[in-house]
Each structure stands twice: as C-alpha cells, then as structure tokens.
C-alpha cells in the first residue's frame with residue numbers, strides 16, 4: 001500500500017521540510033513522516049511527527065535556527081485551525097547504524113518546549129531510549145519525505161533493547177509531581193506500552209485505549225476513558241480534579257504491565 005501525506009497537513013509538512021533541508025544542507029540523510037498522520041489517522045490534537053536523520057552533529061547556530069524557525073511553523077494543540085503542533089526529532093545516522101544503546105538524539109522540537117525556546121533555551125544532544133521505539137514505529141509505517149525508505153536505512157532493534165525502551169518510562173513516573181501537567185498523555189502512553197508488550201505490535205493511542213478498556217476495573221477504565229475522550233477532542237477534562245485518579249491509574253498500570261513480551 002502506498003501512503004501519502006494527508007492533504008490537511010501537506011502545506012505545513014512541506015514548509016517544515018524546506019526549512020530543515022535549508023538549515024541542515026549536505027548533512028541531511030532523510031526526513032520521515034510517522035505517527036498519527038500515517039498510522040491510525042490524525043486526531044484533533046495530534047502532532048505532525050517528523051524524524052530527521054543527519055550525518056554530522058548540528059552546530060549551535062543550526063540548532064538555534066531550527067528551534068526558532070520551527071516555532072513559526074508550529075502551533076500549540078487546538079490553538080489554530082490551520083496549523084498543528086510539530087514534533088521534530090533530529091538524530092545522527094551513526095547512532096542508529098550500527099545501533100548505540102541507549103541512542104542519543106541531536107535535537108527535539110515540540111510545543112512543550114515553546115516557552116524555553118522563546119527564551120533562547122535549547123536542549124542539547126542527549127541519550128533517549130524513546131529513539132528505539134521511534135525507529136521501530138518508523139520501520140512499521142512511515143513516509144520518506146526526503147531520502148530513502150526506512151527499511152533501506154535502518155535495522156530493527158534487538159528484542160531485549162526494545163523491551164528496555166518500552167519499560168524505561170515506567171521508572172520516570174514515581175510521584176504525583178511526575179505526572180502533573182501531562183496527565184492524559186501519560187495515561188494513554190501507558191495504554192500503548194501495555195498493548196505493545198502484550199501483543200508485540202504498535203498501535204495508535206486511542207486504539208490502545210480501546211483494547212485495554214474492557215480489561216480494566218471500572219475505576220481505572222473511567223480514567224483511561226477520560227484521557228481518550230480528551231485526546232479525541234470529545235471532552236475537555238479537569239485534570240486537577242482527576243489527578244488522584246491518574247496517580248492510581250499509573251500505579252495500577254505499572255504493577256500489571258507485563259515485564260516481558262507475551
């Protein structure tokens with residue numbers, strides 16, 4: 001099946017590609033579109049997810065230019081009828097072929113960083129286990145906007161490293177403060193981790209929620225259902241009130257998510 005860029009995001013995606021190509025120049029190896037745009041369908045608050053693969057580290061000038069100019073092309077979720085939030089991850093090819101564990105990413109742009117970027121604060125290159133999951137998803141479903149198809153560039157991560165990457169976020173969410181402000185995203189991420197470890201496959205956030213809901217006690221199902229409804233743009237939730245329920249859901253999920261692929 002030949003995938004194509006959804007018409008609703010084509011102009012914004014092409015503008016982002018032109019910017020990335022101009023700034024990275026001869027170091028650019030590939031740009032891939034992945035995520036909801038090509039697998040599961042765009043939802044009201046879905047990002048446009050781009051992976052940029054380069055052959056040389058970014059200079060500080062390149063990093064600053066990308067961060068600042070991506071701000072103008074991106075919009076916070078739900079804030080604009082014309083633009084979506086961009087999530088742009090930049091990685092060195094040498095981190096992925098051959099695999100380094102954990103791999104490092106050169107740069108990541110996302111709307112959650114907008115305030116820092118506006119102040120000229122840019123994250124440096126850093127290790128990121130999520131790169132293993134990202135490449136796994138791209139190998140399953142993606143569109144090459146520049147360069148070769150994913151299966152010609154990348155190789156799958158070994159199962160043991162994929163398992164480590166899937167379970168790594170579970171150690172990050174230890175307290176109420178760790179989940180506050182990102183409640184529905186964390187709840188849906190846990191559903192996706194649960195789905196993948198149980199089935200060996202990746203799926204969209206709302207599909208993972210649909211799969212998990214019938215298996216949960218009602219108290220926990222209600223929290224997941226609330227997160228799913230906000231993600232789908234059906235109902236805005238008051239997460240300040242729901243925070244204790246979210247913490248209980250996180251604790252329950254961490255206790256019941258498989259420790260191995262089943």
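One is the number of the first residue shown, and numbering goes on along the chain from there.
From the backbone N, Cα and C atoms, a Cβ is placed for every residue, glycine too.
Close to residue 87 (active site, proton acceptor) in the fold, though at least 6 residues off in sequence, lie 35, 47, 48, 49, 50, 108, 109, 110, 111, each with a CB less than 8 Å from its CB. Following the DSSP three-state reduction, the secondary structure of residue 87 (active site, proton acceptor) is strand. The active site, proton acceptor annotation in Swiss-Prot covers 87 and rests on a curator's inference.
According to its DSSP assignment, residue 205 (ATP binding site) is helical. Counting only residues at least six positions away in the same chain, the Cβ atoms of 40, 188, 189, 191, 192, 228, 231 sit under 8 Å from the Cβ of residue 205 (ATP binding site). Annotated ATP binding site per Swiss-Prot: 36, 46, 47, 130, 205, 231, in sequence order.
Summarising the annotation, Swiss-Prot assigns Mg(2+) 2 binding site to 47, 49, 87 and lists experimental evidence as the type of evidence.
Using a 10 Å radius centred on the Cβ of residue 49 (Mg(2+) 2 binding site) and all shown protein chains, the other Cβ atoms total 23. Taken from Swiss-Prot, the feature Mg(2+) 1 binding site covers 47, 49, and the record attributes it to experimental evidence.
The secondary structure of residue 173 (streptomycin binding site), as reduced to three states from DSSP, is coil rather than helix or strand. Same-chain residues at least 6 positions away in sequence with a Cβ under 8 Å from that of residue 173 (streptomycin binding site) are, in sequence order, 179, 186, 250, 254. Among the features that Swiss-Prot reports, streptomycin binding site is placed at 173, 174, 175, 176, 177, 178, 185, with the record citing experimental evidence.
As annotated by Swiss-Prot, region 'Adenylyltransferase domain' applies to 1-157.
Residues or ranges marked as region 'Helical domain' in Swiss-Prot: 158-262.
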Exercise for the section: Go through 47, 130, 178, our binding-site residues, and report the one whose Cβ sees the most other Cβ atoms within 10 Å. Expected result: 47
Exercise for the section: Using DSSP, tally how many residues of the region 'Helical domain' (158-262) sit in helix, strand and coil. Expected result: 77 helix, 0 strand, 28 coil
Problem - Per-residue Cβ crowding (10 Å cut-off), top of binding-site residues 36, 46, 174 - result: 46
Exercise for the section: Among 36, 46, 130, these being the binding-site residues, pick the one whose CA is nearest to that of residue 185 (streptomycin binding site). Expected result: 46
